[in-house]
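A.B. asks: Here it is, the structure, as structure tokens.
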Amino acid sequence: MTMTPEEATRFSANLDRLVGAVEEVLLGKNRVVRLAFTALLSEGHLLLDDVPGTGKTSLARAMAQSVAGTSNRVQFTPDLLPGDITGVTVYDQRSGLFEFHPGPVFANIVLADEINRASPKTQSALLEVMEEGQITVDGVTHAVGHPFMVIATQNPVEQAGTYRLPEAQLDRFLMRTSIGYPDHASTIRILEGADQRAHGHRIEPQLRADEVVELAALARTVYVDPTIHDYVSRLVDATRTAREVRLGVSVRGALALIRAAKTHAAGRGRHYVVPDDVKALADPVLAHRLILDPEAEFDGATASNIIAQVLIETPPPSSRQAV
Amino acid sequence: MTQTRSQAGADRFWATAVSTLLIAAMLAAALIPWWPIYESTAFIVAGAVAIVAGAGIGVAGARRRWPAWMVVVAVFAAYLVLGVPAAVPGRALAGIVPTPVGVADLLAAAALSWKQLVTIAVPVGSYQALLVPPFLSALVAATTAVTIALRSRRPAAAVVPPALLLVGGITFGVVHTAFAVEAGLAFLVAAVAWLVRVAISKRRAITSGRPVETALADARRVFGASALVAIALVGATAASLALPVPQRNVLRAELQPPFEPREHESPLAGFRAAFDPDSSERAMLGVRGLPEGAGIRIATLDTYDGIIYSVGGIDGTALSGRFTRLPYRLDQSGAVDVRIEVSVLGYADVWVPGVGRLERIAFGGPRAEQLAEGFVYNDVTGTGAVQEGLDSGDSYTAFSVTPADPGSLVGLRPGTSVLPPSPDLPAELAQLLDEWAPATGDPGRRLAQLIKGFHDEGYVSHGLVEERRSRSGHSLDRLAELATESPMVGDGEQYAVAAALMARRIGFPARVVVGYLPGAEPSETDATPPAESDVTVFESADLQAWIEVQTAEGDWLSIDPNPDVREIPERHPDQPTVVSRPQSALPPPAERTPVDDLDPDPDLSPDDQDDDAAAWLQVLLGVLGVTGIVVVVLALIASPFIAIIAAKLRRRRLRRGAATVVERIEGGWQEFADSASDFGYPIRPNATRAEQAATVGGLAPLVLASVVDRAVFAPDGPSDDDDRRVWESVDELQERLGAPRTRRERWRAAVSLTSLGGYAVTRRGARS
């Protein structure tokens, strides 16, 4: 079953409402907000590479409020323990039973702030919940609910006392992007309405959580032509054979790109994916999955540059018969 | 990884090998115009060595990343080591090991041989160091071309050094156009092959990973190149048929000849001096191998100014006056049939006696090398000379080709050579010609009658004391006197000149030859050295003059108009009429203009000029011919543009008439993208339709791109009528693209090769 044009139109309208609502808080960041909701509706997680004070927490909170869901913020520190995230089992003397006290991960949107400051053991505690949407404590599995999304941040500037995220964990993030500083006009607007955008400001929920789950299910039904599959396959192949790359994009990365492209297409009111959807998401979905050759990295090569080069060199499909 | 590296190494090796081979082919084609200068296997060896050495230096320099100065040093070293055996083989031990003298010659030749090359008669073979120019040029060209091909960012520029080598060959080459078309076409084919190779390499760099598209692009380029060569072949053939062959200008034709015949006295001017009783029996030449009864030529004279018969034209511009050096041999058609060995006895002059058309000559005696250096030859007249002059003790062996004897003069037809103009035939000689050979006969018969007239009516006297008075000289008044004198008395000087002028009047190109003819009896004086039985010794009094006429076959036929020596009858001084003139049934010929007299073409008929209808038709045919040539030339000029427009129209038709709706819609977008490319928009080959539309700008292209994308990528596909609407939109967008442009810009877009040569031709919509 594939999405109909009418469903695509409805999907696009709902996404626009969500994006519009969050944009009231995060001015001038339409692309990042849209990417964040694309990740949410693709049932993926978002990694924000950003310096402090760019609105990461505001984004997470606004997203949670816009979908009438819950959100928690976890400040990762070196002494943070896995139980501090997942929750712990405590013995209740009155009932004589062990009770599970859920951790901050039990929310619709979890902001893992400065995730690279926690120890690898704590970071890996997020692995199961990010991949499967559930955690296991003392042999008991607990579902975190739907929708569920982790927005993790890391500071690319301060490296002292941090633990670089392992590749396996990076691969579990659907996208990586950055909010960045607002442009001049947006900065002026922020300064003019600073008191209105105080932390107490709450935006109206646009969708219920179950409606978001339904939209995510709908996004999976977007049609993908075989030529698009071929295009994505050629793209990831190209990242694996690039001279500057030590480890290219995995199959999980290719699947993630298709999944995100579907949501992107639906968000544009289309019930089918075009090569432009793939191109638009190639950098945020694929770049953080590349492991560069140290020499190339020393020479100034970046993952984003390599993805851009691969996009230039790999011709997109132009017809049905291309495969 | 190791396998990938070895594969990459193998690919690089083959790429280098193919590039080098194609450049070698270009260089070989560029050397073809040099061939007529040498016509020797030594030239092939020198060219091959230079190409291989230059290419090797270029490849080594590219592989080892030599700096420019090191490449120059390598070229110089190769020149020194290989130059002597390849370009100065006569100075190499066993033909291989360079000698100090050879190296010195090689270094000097780098500067001096160029001028020598254009002041010497061709072919030169491996004479001295004259192979150095092509060897050095090919060595430098090969090194430069391979270096450009392998190291430059613009490998297509590698075609320039071979092109310069080609131009050098044409410039230093010969006047005649042998091999011109072949050389040009061979170079064109090689150059196109190289440019196609470069284009394919570039294309493969872009389309790597898409073997089908790469193969299609390669096939199209090869096909396009083949079509280009075919068009060039057809065009060159048509042009060579339709257009007149222009005069070919080469350096050789522009340089001053090393020998100026006008600086030397005409051999005919001192003709009578040979019969001075004090020296008449002096032995001049000893010749072995001369055919029985044959004479030997001293010089051939083709220029008459009314006083003196000389050689080279009155102003020195005639081809008969151009003497060039003959180091090796001349390429005379026909097998060598005469080999004479000449010993110079008392002869002392610059002219080198010989027979027929000289093929090669070898000097002997103590001055052999000096004479060989100074020997010059004029192939037009068959006359040789040495700057220093021959002298007693000199000797030489000449190999010549003589024309076949036609047997009878009757039936001969005049040739077409144009000789330097001569004065009008004196009226007295004209009357004599009418008497002996009436104009009613054909030229061959008239020539025979003319010669017979001299034989029958003439008597020989050199004007010596004991002989009948006979004035020397061959001016016009002396010839008039010869014609009116009764009996006719003179010697070879007068008879030959008179016969030549009269033969020209008949229509035969005719010239005077001065030489020695065997005397009636061998001399028995003590001054003459004893002669061997097969040696013909010519004495001073054996000097004679005769004529040569050119036949329609192109051969110059020697004819002796001199009467036999016999007793001269008494003069009849009071007889007013020297000769009787028979009545002619035909009116006298129309009076000729001076131009007519100078024109050797005997076929000019005044009747044709009087025929108005024929003249009108001739004018009409001329106009039609010129118009046709103009049309053909214009068509040739316009043909590339017409071909481009036709190719685009065909491409559009194929796209619009593709088999399925989706293909027609895709073709519509490609048509629009190609139009945008032709108008100069930077349409990237790997861009999506939306990106291409953004490059053009505006909303309409974006809408069209989304419509096409939906038709291609949506599950439900297009509706039946979508293709029509897409093409209507394409037509509208194409009009919008051209609307703000000038007419010139629209025309440039229409004939632009961008969409044909770039990505557009590799895209699919053009095929159904």
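Backbone N, Cα and C atoms are what each Cβ position is placed from, and that goes for glycine too.
Dumping what TrEMBL says about this protein:
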| type | residues | note |
| --- | --- | --- |
| COMPBIAS | B:563-574 | compositional bias 'Basic and acidic residues' |
| COMPBIAS | B:596-610 | compositional bias 'Acidic residues' |
| REGION | B:556-610 | region 'Disordered' |
| TRANSMEM | B:12-35 | transmembrane segment |
| TRANSMEM | B:41-61 | transmembrane segment |
| TRANSMEM | B:68-88 | transmembrane segment |
| TRANSMEM | B:131-150 | transmembrane segment |
| TRANSMEM | B:157-177 | transmembrane segment |
| TRANSMEM | B:183-200 | transmembrane segment |
| TRANSMEM | B:221-243 | transmembrane segment |
| TRANSMEM | B:615-646 | transmembrane segment |
A.B. asks: To the transmembrane segment (B:183-200), which of B:12-35, B:41-61, B:68-88, B:131-150, B:615-646 is linked by the most Cβ pairs under 8 Å?
C.D. replies: B:12-35
A.B. asks: Taking contact to mean three or more C-beta pairs under 8 angstroms, with sequence separation of 6 or more, is the transmembrane segment (B:157-177) in contact with the transmembrane segment (B:615-646)?
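C.D. replies: Answer no: the transmembrane segment (B:157-177) and the transmembrane segment (B:615-646) share fewer than 3 Cβ pairs below 8 Å.
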A.B. asks: With Cβ-Cβ distances below 8 Å as the criterion, list the same-chain residues six or more beyond the ends of the transmembrane segment (B:12-35) that contact it, or say none.
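C.D. replies: Sequence-remote neighbours of the transmembrane segment (B:12-35) are 43, 47, 51-52, 54-55, 58-59, 62, 134, 138, 141-142, 145-146, 149-150, 155, 158-159, 162-163, 165-166, 168-170, 172-173, 179-180, 182-183, 186-187, 189-191, 193-194, 197, 201.
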A.B. asks: Do any residues, 6 or more residues outside the transmembrane segment (B:131-150), come within under 8 Å Cβ-to-Cβ of it, and if so which ones?
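C.D. replies: Contacts with the transmembrane segment (B:131-150): 16, 19-20, 23-24, 26-27, 30-31, 34, 37-38, 42-43, 46-47, 49-55, 57-59, 61-62, 71, 74-75, 78-79, 83, 86-89, 106, 109-110, 113-114, 117, 157-162, 164-165, 168-169, 172.
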